[in-house]
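Participant: After the structure tokens below, expect a handful of questions from me.
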Amino acid sequence: TLSLCSAFQLLDYLDGRKCHESVLPILARHLQSQCPESRHLALRGLNLLSVDPSMAGSICTLSECLVELLHDGDVVRMTLSVFLNMLRDKDIEEFSSTAPKLAEALRPLFDNENTRVQLLSIPLFREVMEWLAEERRKTLNTQVHQSLVPLFFHLHDE
């Protein structure tokens, strides 16, 4: 964990998405660690990376693992922060499979005894619900547009 800690200190000085992309597999491995310190450090690194909107899609690949961490009381607040940062980019297609699971995992956190967790989970839930509504609207628009062309040809054939 000491090398992980020093690697995160370097993240502030490294410039460029390529460097950050190479760190994600390391973070993924440490997020699934049984060691609480490793998970905590990995989330700290993800918080640093998630501030960069261009990293949202890449971080989204870890969203399944992050949802699982919402059940771990020690890292819930940091996990919520990563999700909030990630959802600033509204055009994350990779998030569609995780969004319903995240919404479900957030509901019990509204009653959490930690006020900070409540204050983070409620706006995140709202963001997820807005994202889901927008995605469904996009899907519906695509379906309508795809059926308009055959309808147009059908009308002109008659």
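Using the three backbone atoms N, Cα and C, a Cβ is placed for every residue, glycine included.
Look at TrEMBL and you will find 26-158 tagged as domain 'Maestro/Maestro-like HEAT-repeats'.
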Participant: Restricting attention to the domain 'Maestro/Maestro-like HEAT-repeats' (26-158), give the mean pLDDT.
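Facilitator: For the domain 'Maestro/Maestro-like HEAT-repeats' (26-158), the model's average pLDDT rounds to 86.
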Participant: According to DSSP, how is the domain 'Maestro/Maestro-like HEAT-repeats' (26-158) divided among helix, strand and coil residues?
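Facilitator: Tallied per class, the domain 'Maestro/Maestro-like HEAT-repeats' (26-158) gives 106 helix, 0 strand, 27 coil.
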